[in-house]
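Per TrEMBL, the features are:
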DOMAIN    70-514  domain 'Major facilitator superfamily (MFS) profile'
REGION    1-55  region 'Disordered'
TRANSMEM  69-91  transmembrane segment
TRANSMEM  136-155  transmembrane segment
TRANSMEM  161-184  transmembrane segment
TRANSMEM  196-220  transmembrane segment
TRANSMEM  226-245  transmembrane segment
TRANSMEM  257-275  transmembrane segment
TRANSMEM  281-303  transmembrane segment
TRANSMEM  323-343  transmembrane segment
TRANSMEM  363-382  transmembrane segment
TRANSMEM  420-444  transmembrane segment
TRANSMEM  456-475  transmembrane segment
TRANSMEM  481-504  transmembrane segment
Amino acid sequence: MNGKKPAGPGAGSRAPVRGTKAANRVPGSRAPVRGQEPAGPNTADRAAEPAGRVAGPGAAARGALARSAALAASVAGAMLVALDGTLLLLAQPSLQRELHATMAQVQWTGTGYLVAVAALLVVAGRIGDRYGHRRLLVVGVLGFGAASAGIALAPDIGWVIGLRAAQGVFGALLQPATLALLRLRYPPERLAGPVAVRTAGIGLAGAAGPVLGGVLVAQLGWRSVFVLNVPVAIAIAAVALAIRVPAARRARSRTDLGGAALLAAVLALGVYTLVGVPLHGWTGASTVAGAAGTAAGLVALLAHERRAAAPIVPRSVAAARPVTAAIGLLLVTAGGLFGALFVATFCLQDVLGLDPLRAGLRVLPLTVLMVLGAPLSSAALRRYGPRRVAATGSALVVLALAGLARFVPAGAGVAVGGTLAVLGAGFAAVMVTATGTVVGDAPAGYAGVVGGLKQTAMNVGPTVGIAVAASIMQAGRPTGAALSAAAAAPALLALAALAAVGLLPALRLPGRPTGASLR
């Protein structure tokens, strides 16, 4: 490019550089209207948007190094969050005994984190779009590590609950940034590969979690699983700081504080209500009140966003069919997957009497195929296009869930393992395709907010799936009564029906191959 830097997204009214998108906006969406929404905002990270060609071998080497650092920080950040959730589940029984906590208090160590992170993901992504994703990643990961250190030193359960909520806040800051850095450092047509690596990393964390957690808790106690986060967080922050980001002007738009507050409240109340469904049922007073409050908040949010000059979810993003379809697909597919894991874990531990480590090993085929399926899905995406790959992956998930409904109650170990492998392969295809579409189809200036939307789907979806599975398994039984393996079949069939809904948004994804939806 004759040594000139490419125009970043939202670069005033200058003519587009040849080979770049004219307005760098979401395909299928309208251009922003003056006075309604600012042109693609950007931050101190915006100049990192690559143009596909770099002047000189030295610049090319520096660009490759920056992309590698961004990929390393993205994958490590995603793995840190995924591993933390797995390790907590294994640490909870020991934590309860040592701190003399009630079961309700122990459950709040997970609920407090989930409510905080789900409420703030989109808001955090929007903040990153304005102030810089590298900066937000560093703050988020260091805060996450500091909260982990505090939990490891906590004298009682109250401190653990409070610090887990703080950990959720910092987790919300870092998660959208890990995706946004990929969007800013990789050309859209090359995003499928990094997204596949990130997906494989998450699968690897899921596979390692039960083994690593079992060893740590057995040998060093429950506090060790939180100590582990501290050096990892420091290392991720160091890598993020090494990513060279040229200076650029900040976004002109202000953060919509009213919309941010309403969105956070709606998500927090909605997630809190879903978490309580297994205890109170779908028709319980608290569930009905929570659902009504969530619906009222959603109506208020939509009314506010229509009037806002710079809505918390940009209009061009909300109107983009590929983005909304991919998010919907992720939500229902994640619900089916994690609901099935909940059911399988219950049957393996409470019915078959396996300890957490042996139960985790039984689920290993799922995570192995997720790791192996991610790069294969990336290759298929380039050849066959998002629509075919996503629809195939979604169909595999549905078939696997229906198969588990037959094999899990019977305790057929080999058949369950094979079916879980199919489930992992299908979810890998959905994850790679939907994530690549969400991140790649959005302008670089909105990379944070779409990353937040994607991560919100990945937090709300599992909550829905577990609520559906738990309520069906408990239906018609007295509170506290032992559940049987026979209760697993209807729950898994319901999850298969939930995942089948994902075929509709999958068929609405772009059909062009070779990463056309990512350009």
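Glycine residues also receive a Cβ, built from the backbone N, Cα and C atoms like all the rest.
Those TrEMBL annotations? Automatic predictions, nothing curated.
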With pairs 6 or more apart in sequence, are the transmembrane segment (226-245) and the transmembrane segment (136-155) linked by at least 3 Cβ pairs under 8 Å?
yes
Per the definition of 3+ C-beta pairs under 8 A with sequence separation of 6 or more, do the transmembrane segment (420-444) and the transmembrane segment (136-155) touch?
no
Sort out the residues at least 6 away from either end of the transmembrane segment (161-184), same chain, that have Cβ-Cβ distances under 8 Å to it, and list them.
45-46, 48-49, 70-71, 73-75, 77-78, 81, 84, 105, 108-110, 112-125, 127-129, 133-134, 136-137, 139-144, 146-148, 150-151, 154, 191, 194-195, 198, 240, 243, 435, 439-440, 442, 444, 447-452, 454-455
Other than its close neighbours in sequence, what residues sit by the transmembrane segment (363-382), given a CB gap under 8 Å and a spacing of at least six beyond its ends?
192-193, 195-197, 199-200, 202-204, 206-207, 210, 341, 344-345, 348, 388-389, 393, 417-418, 420-425, 427-429, 431-433, 436, 513-515
In the same chain, who gets a Cβ under 8 Å from the transmembrane segment (196-220) while lying at least 6 residues past its ends?
71, 74-76, 78-79, 82-83, 85-87, 89-91, 94, 178-179, 182, 228, 356-357, 359-361, 363-364, 367-368, 370-372, 374-375, 377-378, 424, 428, 431-432, 435
Distal contacts, the transmembrane segment (136-155) - CB-CB under 8 A, six or more residues away:
73, 77, 80-81, 84, 99, 124, 127-128, 163-164, 166-167, 169-178, 181, 223-224, 226-227, 229-230, 232-234, 236-237, 240-241, 448
Tell me, what is the mean pLDDT of the domain 'Major facilitator superfamily (MFS) profile' (70-514)?
84
What parts of the chain pack near the transmembrane segment (281-303), using Cβ distances under 8 Å and only residues at least 6 beyond its ends?
259, 262-263, 265-266, 269-270, 272-273, 471, 474
